[in-house]
Amino acid sequence: MSVQQQEVDLRRTFAIISHPDAGKTTITEKVLLFGQALQKAGTVKGKKSGQHAKSDWMEMEKDRGISITTSVMQFPYNDCLVNLLDTPGHEDFSEDTYRTLTAVDSCLMVIDTAKGVEDRTIKLMEVTRLRDTPIITFMNKMDRDVRDPIEVMDEVEDILKIKCSPVTWPIGMGKEFKGVYNLLDDETILYQSGQGHTIQEKRVIKGLDNPELDQAIGHYADDLREELELVLGASHEFDLDEFLKGELTPVFFGTALGNFGVDHMLDGLTKWAPKPLPRTTDTRTVNAEEEKFSGFVFKIQANMDPKHRDRIAFMRICSGKYEKGMKMKQVRIGKDVKIADAVTFMAGDRSNVEQAYAGDIIGLHNHGSIQIGDTFTAGEMMKFSGIPNFAPEMFRRIRLRDPLKAKQLQKGLIQLSEEGAVQVFRPLNSNDMIVGAVGVLQFEVVVHRLKTEYNVDALYEPISVATARWVSCEDGKTLEQFQKKAYDNLALDGGDNLTYIAPTMVNLSLAQERYPDVEFHKTREH
Ligand code: G4P
């Protein structure tokens, strides 16, 4: 087997999708604890204690003056190399979150079992559907009084349209949480509270009918035996094929805070989640095992710190190997570039990593020439597909304080939209500029960057726009007619693509009914 093949087989690249507060940060901490990236699980983001984890990336962060701590984490687990890509979940929710999901091969969905399926999870699941990404589910917070697990599982099936296959099943909940029973291995793993910061010694009882189980958890043993019959009736058997197609999700229960169950989930991830998958381009499909290098940029991180103007372009490697100092072709501009100082993300390894393989993420220093969606290759002219723009969900009109700066504003906005920081729409019937985003923070970033990078002082005004859709139509005549009739609701985006701007969702459905031959797209490829 070639070295390339071996390296590819090792890798598992995933992201976490969840609603804010479901426990993503806590799980990340524990995942890293198991990855032995940290000796003792610290805090990934400074919380009550205000202290961050003392990790190697913190050193890197200090050295390089960029914020990479929560962007990409790589660590070894079960003979695999796991890459965890962070998806900003809170107020910093943005299109980056969506696009990061195009750079992974699987996702972990975290659900707060006390709450069930929540909004943000629904939206993020929609995005994973674009590529039928395999989903692993972790039902969190079992140390609290949660909802009936069967009911929550049904909710996942109904709302998210994915079959659930419980791998572990919880025993009790809240103060009475006793542990989980593993349906595939026929063993019970007992929970001990107060061990959240260490790797617990596993206390395992083999077999469901083992009297030791009754001794250990009393009447809960009989309750479990009874409940399992119900569970088996209400759920699906694990099927690797269906999982890989994104049709079925293995479900694990636990408490991230109590550090229980996260390792079971990681075992499942390393065993079942796909290694780096083939990726399609406009000319052919690229296999991860290929020797020749290729990759695409899915995210550009602007630095909010004015002392560090440079930005980092995050690239997913799709094939071949990155080596320090190598030459790559930036396909869009047809230029060869030498990459001497890519940022790599190997946790727990002090030596400077100078190689990265398919499935890994590297960060390129970007001084403005790299755009979201850019493909880099060993020379081949091809472009990776499936790195879309997503229809924004929030809109504001942007206005200048100094009207003489209109040109700079337009230039700045178009550049920022090419970079993927925000989307901009220019209505056909006015000189307005409408900024669209999926998260509020994007608006703030744009005003800040317009000021520091383009010397433009801008502010926002509310505007009644509910949603936007890119439009296309096979028949030129029909499109022309549509353009005339819907003129007041049409705009051009940063790349001059025709967009329908809907004041309300009702407007959109009416337009869709009235113009059945016109297609209204929720995403647009870069
Ligand atoms: P997020 O990144 O998805 O937003 O969630 P995060 O991990 O920050 O967790 C949100 C809150 O839920 C935190 O409490 C965290 O401690 C708590 N939490 C996470 N997992 C569990 C769990 O398994 N059981 C219980 N009982 N709580 C859990 P907080 O009060 O907001 O933060 P903190 O001040 O306690 O750190």
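For all residues, glycine too, the Cβ spot is worked out from N, Cα and C.
Record features (TrEMBL):
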- 9-277: domain 'Tr-type G' (DOMAIN)
- 18-25, 86-90, 140-143: GTP binding site (BINDING)
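Recorded features from TrEMBL, shown on the structure.
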residue : record           : DSSP (3 states)
Ser18   : GTP binding site : strand
Lys24   : GTP binding site : helix
Thr87   : GTP binding site : coil
Met142  : GTP binding site : coil
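For ligand 1, the neighbouring binding-site residues among Asp21, Lys24, Thr87, Met142 are Asp21, Lys24, by Cβ distance under 6 Å. The C-beta environment of Thr87 (GTP binding site), restricted to residues of the same chain at least 6 apart in sequence and closer than 8 Å, consists of Ala15, Ile16, Ile17, Asp96, Thr97, Thr100, Leu101, Leu124.
For Met142 (GTP binding site), applying a Cβ distance below 8 Å and a minimum sequence separation of six or more within one chain yields Thr113, Pro170, Met173, Phe177, Phe253, Gly254, Thr255, Phe260, Gly261.
The predicted model assigns the domain 'Tr-type G' (9-277) a mean pLDDT of 87. All protein chains included, Asp21 (GTP binding site) registers 15 other Cβ atoms within 10 Å of its own Cβ.
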